[in-house]
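The structure appears right after this line, and notes come after that.
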Ligand code: F6P
């Protein structure tokens with residue numbers, strides 16, 4: 001092994017930079033060179049490479065976003081495009097690659113491995129929607145950002161006796177909503193993983209107001225519907241002073257939390273060791289805080305399993 005290439009792909013997530021830093025420092029410690037590939041797989045094919053040193057990644061641990069930039073590049077599914085990428089890697093003496101991104105990015109890592117470039121995938125997305133792992137890099141920061149926003153919304157909600165429907169991100173996955181809903185003390189958490197009944201939610205809110213509560217909070221995963229649409233549905237079952245709020249991309253930004261920095265660092269360090277052991281075609285995951293690996297191929301036949309006990313606990317406390 002001579003040089004490791006590293007790229008970030010898909011939506012940026014806080015902690016991606018911490019992972020790149022960990023890969024760089026671990027690789028250099030083990031006598032390997034590291035090359036940053038800018039703009040994900042698009043940059044790989046274009047040969048947009050930058051040499052990484054322990055010094056130029058050092059302060060990256062505290063920065064959100066991805067300093068290597070990211071890009072969506074569906075063209076990388078085409079075999080002739082993949083071959084161009086491999087040619088670029090060979091031209092620059094890069095014989096292994098680490099890909100940080102969502103499960104879409106793992107197809108690229110597998111393709112490279114099959115073409116002789118051992119590659120490892122790290123789960124980088126705020127959505128926590130990747131199979132075979134209960135944690136993805138960026139989840140914790142996104143949840144804390146959303147929580148802080150909802151705590152502020154609560155001040156306005158209670159000052160005006162309002163109900164707020166807060167849309168959080170997650171694509172088709174309700175994990176951010178489940179965590180943030182429970183942590184913010186929401187009256188209802190609405191996610192794609194479970195059926196819901198708007199009439200029942202309206203009854204819960206009415207009971208709360210009748211008992212003296214001065215506001216209501218509904219945390220709604222974006223994979224269910226838009227907050228404004230939900231508001232229209234809710235108003236069919238009660239005369240609430242309700243507002244819809246979409247938190248949006250603010251959830252993707254910001255300095256990573258301790259948890260995201262530590263886990264991203266552990267994963268980056270581990271990925272280099274896997275490559276040193278001659279491994280490729282693997283996805284790094286975490287289960288109950290322990291690092292583990294799975295064949296990338298197995299991920300494609302699997303789905304992410306959410307911790308739905310969070311919903312059960314919230315139901316028990318609100319219904
Ligand atoms: O995958 C991360 C994510 O932020 C999702 O939560 C969201 O659905 C999507 O990306 C938004 O994508 P874009 O940045 O392209 O609007």
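Glycine is no exception: its Cβ is also placed from the backbone N, Cα and C atoms.
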Self-check item: Binding-site annotation, TrEMBL, ADP: partner of 21, 22, 23, 24, 25, 185, 186, 187, 213, 214, 215 in 72, 154, 243, 252
Solution: 154
Quiz item: According to TrEMBL, 72, 73, 102, 103, 104, 105 bind ATP; which of 11, 15, 31, 33 is also listed for that site?
Solution: 11
Quiz item: Who sits close to residue 125 (substrate binding site): which same-chain residues at least 6 apart have their Cβ under 8 Å from its Cβ?
Solution: 10, 11, 13, 101, 102, 136, 137, 138, 139
Exercise. Of 25, 127, 169, 171, 250, the recorded positions listed, which put a C-beta under 6 Å from ligand 1? Please answer none if none do.
Key: 127, 169, 171
Exercise. Consider each pair of residues in 21, 22, 23, 24, 25, 154, 185, 186, 187, 213, 214, 215, all listed by the record as binding ADP, and report the largest Cα separation in Å as a whole number.
Key: 53
Self-check item: Averaged pLDDT score, the domain 'Phosphofructokinase' (3-275)
Solution: 97
Self-check item: Pairwise Cα distance maximum in Å, substrate-binding residues per record: 125, 126, 127, 162, 169, 170, 171, 222, 243, 249, 250, 251, 252
Solution: 33
Self-check item: Sorted by sequence, non-11, 72, 73, 102, 103, 104, 105 residues with Cβ within 8 Å of centre, ATP
Solution: 9, 10, 40, 101, 125
